[in-house]
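As written in TrEMBL, here are the features:
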REGION    472-495  region 'Disordered'
TRANSMEM  68-91  transmembrane segment
TRANSMEM  119-143  transmembrane segment
TRANSMEM  164-182  transmembrane segment
TRANSMEM  194-213  transmembrane segment
TRANSMEM  293-311  transmembrane segment
TRANSMEM  347-368  transmembrane segment
TRANSMEM  392-412  transmembrane segment
TRANSMEM  418-439  transmembrane segment
Amino acid sequence: MSMSSSSPQLRCDDAGLNPVRHVRIIGGLSECPGCGLYQRIPDLEPGQQASCVRCGQKLARRRRTAPLAAPLAFCISSAAFYFAALASSLMTLDVYGRQRTVDLLTGPMELMHEGWGEAGILVGAVTILAPAVAIGFMFAILYAGSRAQLPDWGPRILVWYDKLRPWSMVEVYILGIFVAYTKLTDMAHVDVGPAVYLIGALMLTMAATDSTLDTEMIWRHRRIDSLTRAEGDRMVAVDYTHIDDIPMPPVDHLVACSACGLVGELAHPVSNLSCVGICPRCEHRVWRRLPQTLTRTTAFLIAAIVFYIPANLYPVMTFMRMGGGGGHTIIEGAIELWVDGMIPLSLLVFFASITVPMLKILSLGWMIGQTWRGARGHLVARTRLFRLVDMVGRWSMIDVFMISILVAVVRFNAMASVTANAGMVAFAAVVVLTLLAAWSFDPRIMWDAAGRNGPVTDGLPPAVLRARKMRDGTAATSSLSPVGPAPVSMEPDQA
Ligand SMILES: [Zn+2]
Ligand SMILES: [Zn+2]
């Protein structure tokens, strides 16, 4: 571990007023982001992964592939596929001899022309802008990772890449294209353009880049500054030890960086409510828990429920053909596919557009309710359900993407036309709000509220504290789980 030579200098007035405190960085220790348990991570062999003893969340994995060359190869291919997809046509529709060809940009542009600017910007942002920024960031990360010393901007890009990556929805867009294509084939002749195959390839190479990138190896390249800022701008000295060399520190003195996973021990119990300081490795602000997680998640969830009603009651698009036709709601879209005999596709649309938003609203509501009450049951099930909800949420965008494609391609005036309706904006709002609700929820507080994560109780609802006092007069530490090494298993084979 090399220490920085360019650390910020200790300010004299601070040094004079406050005794300089220490943060002790502890190597080999990791906090589970799912349940908040601190555990030793053994040294992993290539192809191995370690998961949490308590909730089963994956904590670390070592890749079999070359750490930089493999993701670089996939990243270069991604860039090539991206530019080629942008330059080629998506599909051509032929209605009684009249043709219309569209590309990736046409959908968002048409939505904006029709006055659905928010939806147009959203579709453009997640299908065109976000993938480009993700690929650019990945090049920067790989360049930074190839240097002997990770440059100062490297950590920031890594942190931003993690935040941005879920907004790049190429894989969901592919399904949107597929549903749009199926709806079009029974009204006209459709030619699929090269962009469809290029986006399919882009989806695969972007997934392969992520799965071969070993961020932990990149973090290991990063020096840990010997001084950092604690809350209140006070400088604190940083030293380093390994968990094998010391006894397990008290859990309420420990804090883990949510961006890079570095674990530090402070000389005093750490509050859940305030920022602890700046991470000496990645310069991210460190909080013991996501700030105001319960309030934020509840607010996003209530907003999502408000939009949920118009999203399902109002038509999302109007399909006019030879003077006939009319508005379709989300559920009518799924039923229509079923009637046309496209049963698997109908089930897929039903699952993504009806089940997933409902599942997200109900399960996040359940998790929030249980946390407010300080419930102790089903903690592992709740944590797993949260992971599922977090993972499947983006797939609800299928219908929005499908509409953006239909609106772009079906423009033949009286013969055939598709226009977007207000229901689509409400539906897109539900998807985005439930995504934000899931991202602002910190599953560790479910374990905190159940008294499983040590004595730090600030930030928990008063009802939880009262209930806990009633239940057991003893301190909440009584039910702390033992901290042993995380179990190691071989990761499923990958290409
Ligand atoms: Zn866990
Ligand atoms: Zn960090």
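Heads up, the Cβ atoms here are built off N, Cα and C, so glycines get one too.
Note: the stretches the transmembrane segment (164-182) and the transmembrane segment (392-412) are in contact (3+ CB pairs below 8 A, sequence gap of 6 or more).
Ranked by the number of CB pairs under 8 Å to the transmembrane segment (293-311), the listed stretches 68-91, 194-213, 347-368, 392-412, 418-439 are led by 418-439. Under the criterion of 3 or more C-beta pairs below 8 Å, with sequence separation of 6 or more, the transmembrane segment (347-368) and the transmembrane segment (418-439) qualify as touching.
Tertiary proximity for the transmembrane segment (68-91) is limited to same-chain residues at least six positions away from its ends with a CB under 8 Å from its CB atoms, namely 101-106, 128, 131-132, 135, 138-139, 142, 145-146, 177, 181, 184, 190-196, 198-199, 201-202, 205-206, 208-209, 212-213, 405, 409. With a cut-off of 8 Å between Cβ atoms, the residues of this chain six or more beyond the transmembrane segment (392-412) that come close are 90-91, 93, 95, 98, 100, 102, 106-111, 114, 119-120, 122-123, 126-127, 166, 169, 172-173, 175-177, 179-180, 183-184, 316-317, 319, 330, 333, 348-349, 351-353, 356-357, 359-360, 418-420, 424, 427-428, 430-431, 434-435, 438.
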